[in-house]
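Participant: Per Swiss-Prot, the feature transmembrane segment maps to 11-31, 85-105, 111-131, 157-177, 183-203, 243-263, 269-289, 308-328; the stated evidence is sequence analysis.
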């Protein structure tokens, strides 16, 4: 087998090696969320389909696949169908630059951090197109809310990424992880980590910032007119973005695949396992926040983004760069 033939086999295999575990992770993340929320609310949660409800994601998936796809008569059909596919594809494409272990990455770009930021910014287009093409006032209002919310919090996320970038001197995600061998950035930059995680909640439209799909006022928001696989793709995209943002928190602040302590017994555990454990920790925080906190008002959400996080993240950029220059610690 020549080199070209090997490449045609290896590249799709690597892509499937990322997509299939991600889809499985999304399926069982939904189950985990329902179980954790049930525990918080002192009830059982799903436990009928399979042992301990383990087959519940399969039943939910089959239900959505077998439903009839209904489109509004006044909708723009091509854009209406394209929007959920675009949203889901963007959530998958972002994983190309995420390193699970040293060397275990599909494409180790030198601008990996910038690439992830660009992909997360493009996600708003799928939502805007979905709201506009549905030709429904509720869907369009939800889409406008989502666009305003995502753009607002992308500003503070960008400044936080600059703070980490100043500490490392590189946009390569593998180099950012290796720079945390002595100390994780989450320890000296703990307030930045908290701001970044809260901004990720707003960026992924998760509670308590799920204003775009506020059921009480917007009847589920931008995806109100979607059924069957259209709704399922938006759903999968949201949860895939949750896992992606948890992975980004892990890479930037918790040392990625590096073990918790620099001990021989911990070094025997594969880096991908450490990475997964840290991602699961952030996913648990996502679920816990949803179960524990009420939804913000829209003006409170915007005020938090522009009046609190923007000046704070800007102040951290200035203070971190000042400390590094003063003590000659610049990379």
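Including glycine, each Cβ sits where the backbone N, Cα and C put it.
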Participant: Quick one: do the transmembrane segment (157-177) and the transmembrane segment (308-328) reach 3+ CB pairs under 8 Å, ignoring pairs fewer than 6 apart in sequence?
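Facilitator: Judged by the Cβ rule, the two regions touch, with the required three close pairs present.
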Participant: In the same chain, who gets a Cβ under 8 Å from the transmembrane segment (111-131) while lying at least 6 residues past its ends?
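Facilitator: Distant contacts of the transmembrane segment (111-131): 79-80, 82-84, 86-87, 90-91, 93-94, 96-98, 139-144, 146-147, 150-151, 154, 157-158, 161, 164-165, 171-174, 176, 203, 212, 222-223, 226, 234, 237, 241, 244, 248.
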Participant: Looking only at the recorded stretches 11-31, 85-105, 183-203, which one has the largest tally of CB-CB distances under 8 Å to the transmembrane segment (269-289)?
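Facilitator: Stretch with maximum Cβ contacts: 85-105.
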Participant: Do the transmembrane segment (183-203) and the transmembrane segment (243-263) come close, with at least three CB pairs under 8 A (pairs 6 or more apart in sequence)?
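Facilitator: Taking Cβ pairs at least 6 residues apart, the transmembrane segment (243-263) and the transmembrane segment (183-203) are in contact, with 3 or more under 8 Å.
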